[in-house]
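Everything below concerns the one structure shown next.
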């Protein structure tokens, strides 16, 4: 039971820290496809996602 609580705590800490290294932009979008060129231009990566009508780039 102790191990389970330690694992749960570790999972929560990892979720809070946000190790995804996402970079937010102020560019409006409706689909993730629109973010690919924006992320390439701004952050030199083609991995982007449209979240809450804003582009979010991942490194």
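Glycine is treated like the rest: Cβ placed from N, Cα and C.
Annotated pyrrolidone carboxylic acid per Swiss-Prot: 23, in sequence order, evidence recorded as experimental evidence. DSSP classifies residue 23 (pyrrolidone carboxylic acid) as strand under the three-state reduction. Counting every protein chain shown, 15 other Cβ atoms lie within 10 Å of the Cβ of residue 23 (pyrrolidone carboxylic acid).
Among the features that Swiss-Prot reports, disulfide bond is placed at 29-50 (among others), with the record citing experimental evidence. All protein chains included, residue 29 (disulfide bond) registers 19 other Cβ atoms within 10 Å of its own Cβ.
Same-chain residues at least 6 positions away in sequence with a Cβ under 8 Å from that of residue 35 (disulfide bond) are, in sequence order, 25, 27, 29, 48, 49, 50, 55, 56, 57. Annotated disulfide bond per Swiss-Prot: 35-55 (among others), in sequence order, evidence recorded as experimental evidence.
Residues or ranges marked as disulfide bond by Swiss-Prot: 39-57 (among others). For residue 39 (disulfide bond), the same-chain residues that are 6 or more apart in sequence and have a Cβ closer than 8 Å to its Cβ are 25, 45, 46, 47, 48, 55, 57, 58. Residue 39 (disulfide bond) falls within a helix when secondary structure is assigned with DSSP.
As annotated by Swiss-Prot, region 'Interaction with Ca(2+)-activated K(+) channels' applies to 48-55. Counting residues of the region 'Interaction with Ca(2+)-activated K(+) channels' (48-55) by DSSP class, helix then strand then coil, yields 0 helix, 6 strand, 2 coil.
According to DSSP, residue 58 (site 'Aromatic residue of the functional dyad') sits within a strand segment. Residues or ranges marked as site 'Aromatic residue of the functional dyad' in Swiss-Prot: 58.
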- [ ] Take the region 'Interaction with Ca(2+)-activated K(+) channels' (48-55) and average the pLDDT across it for me.
- [x] 94
